[in-house]
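Notes for the one structure printed next.
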Amino acid sequence: MKDITKQKFSRNKLVEMISFALGNLGHAAFYGALSTYFIVYVTSGMFDGLPQSVANKLIGLITALVVIIRLAEVIIDPILGNIVDNTKTRWGKFKPWQVIGAVVSSVLLVVIFTGIFGLAHINWIAFAIVFTVLFILLDIFYSFADVAYWGMVPAISEDSKERGIFTSLGSFTGSIGWNGLTMIVVPVTTYFTFIATGKHEQGPSGWFGFSIVVSIVAVLSALAVAFGTKEKDNLIRNAATKKTSIKDVFSGIIHNDQILWISLAYLMYSLAYVVTNGVLFYFFKFVLGKPNEFWIAGAIATVIGFSTAPLYPVLNKFITRKVLFSIGQMAMILSYLFFIFGKTNMMMVTIGLILFNFTFAQLVVVLSLTDSIEYGQLKNGNRNEAVVLAVRPMLDKITGAFSNGLVGAIAITAGMTGSATAGDISASKINTFEIYAFYTPLLFSILALVIFLWKVKITEKKHAEIVIELEKTLSSGAKKANTSEVNVELEEIFAPASGQKKLLNEVDGNTLTGIGFAIDPEEGNLFAPFDGKVDFTFSTKHVLGVVSNNGLKAIIHVGIGTINMRGAGFVSHYVDGQLFKKGDLLMTFDKKLITKNGYQDDIIMYFTQPENIIDVQQIDNRVVKQGEKIAKLTFRSER
């Protein structure tokens, strides 16, 4: 049989990957324009020509409205997700919303970057009403595009490795779109302002031109996804997935203290990062007096981002996540000292920017949150995969909303609004700017470090211990399910792989007890042993829980010691909740890599509620073929 792990990407798959990656180039650039530079436009050009006192009141009003609307986005996202999920068209469910969302939000972005055609100069009350309606619509259609873009990954590929590549490529181009915007914003706004007025500055006409450029890129990127990818009507898309509400998220956080502390540490880090990132334009323009060199901030962020992402897995082989998080936070803390004490020296600022962007926080937080799933399962019997997936995006939206509010408040308080220049900003206003832009985020970054070191207990070693203890608990049947109805059922088990069948106590190094069997596999493929569904997967990918259509619950564990590989070499061909048929491919694993790391590759299958099993009939130990009937169980089904 051909080892499926050795398949190479076809030309069509490569086109799909490139098309999908291009989608986030414009999508991320659009988000950058909306979340960061729209507020810059509001404070500097939207109310150009109005008395400063009136302009500041309108800036405050718009800033408050943006914060409220962005916070409301957290609540409506699940609703939009349901709408996308229930869409059925000849083009699929995701691509129509990707294109519609991009086109509508892009048109509305251009409209609000005109100052709604100068309506504020005519009637500011009418302006506030129209702006609120337009911004809500813009935010909704942007969210449609966002939900559709990331939601379509399982529709493109059934292979977890491929899905990981799609996601990584999307994140890569997203970084280019986000940081590339920082590099072009000043040249583009200056160019279009010069074309319209003959002045070398960032005026309203320049911001209008900037919005057109961003909108065109966003629409073209969405079209690349629509025409370059193909949605598949596969089992993964039809997996039964429960929608996660905001109530579910907060409930999951409250009942799992590690999710709580990891989330709080990330919230502090994210607040520091987004606030400082949001005011860097003002820093270059009003403190340094060098707006034309603002592109350096984007260039540094791009280079450092490209370096730290591939560097993380290499460093993590020798350095723990907690240490890597600490290194990143210490670098961020030092960066603020360079910004504060070297604010007039471009070299010092450059060093500060390098340190500011040298962080592993997002990677560490994602992995730590993922590991907290097994912690919660061991602690209270609840797995919160959906909650964990929703936590970081929710926190990003919350911090993004507050960032918009803080940036607007900082600009007004420090007098960095309207046609003000660096020469108009007094020393006292610069001090005010520093308090909010640097000292306050410095405090947030210190709190993030303290919380993570003091309260976060999920390390790689601790997680390995939790997984081992959890498997022992599951195999012994220590945690009993709640019984609402009990039926006696019969289930036939078919070999999930070809190889030598063994008893559990015949596997060297196996500490699992209970009822089950093991197979020394001939190949690195794992197939479904009966008709049923995937209940859950450990974050280390080497263990999955399955349940038959008759209610028989089992754990399939690949390898002894493979928990230490942290998922390397394991590729799943399903998502949690997916229904499968006997003989469907569930997983591929690299036998050579497992052996190279000094571990065994035995496939162990055991049943998690042995107290409910009435009778077990197994064939004798011998070489079996995948799909061959090897056991028959009579059990009490709790459903």
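Glycine is treated like the rest: Cβ placed from N, Cα and C.
Listed in Swiss-Prot:
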DOMAIN    505-609  domain 'PTS EIIA type-1'
MOD_RES   His557  phosphohistidine
REGION    1-473  region 'Permease'
TRANSMEM  20-40  transmembrane segment
TRANSMEM  59-79  transmembrane segment
TRANSMEM  99-119  transmembrane segment
TRANSMEM  124-144  transmembrane segment
TRANSMEM  176-196  transmembrane segment
TRANSMEM  207-227  transmembrane segment
TRANSMEM  264-284  transmembrane segment
TRANSMEM  294-314  transmembrane segment
TRANSMEM  322-342  transmembrane segment
TRANSMEM  347-367  transmembrane segment
TRANSMEM  398-418  transmembrane segment
TRANSMEM  433-453  transmembrane segment
Segment proximity, the transmembrane segment (264-284) to the transmembrane segment (322-342), 3 or more C-beta pairs under 8 Å:
yes
For the transmembrane segment (264-284), which stretch among 59-79, 99-119, 124-144, 176-196, 398-418 has the most Cβ pairs under 8 A?
398-418
Highest Cβ pair tally under 8 Å against the transmembrane segment (398-418), stretches 59-79, 99-119, 124-144, 207-227, 294-314, lands on 59-79
Between the transmembrane segment (20-40) and the transmembrane segment (433-453), are there at least three Cβ pairs closer than 8 Å, leaving out pairs fewer than 6 positions apart?
no
Within the domain 'PTS EIIA type-1' (505-609), what mean pLDDT does the predicted structure show?
90
Recorded stretch that, among 59-79, 207-227, 294-314, 347-367, 433-453, has the most CB pairs under 8 Å to the transmembrane segment (124-144)
59-79
Ranking 176-196, 207-227, 294-314 by Cβ pairs under 8 Å to the transmembrane segment (99-119) puts first 207-227
C-beta crowding around His557 (phosphohistidine), within 10 angstroms:
25
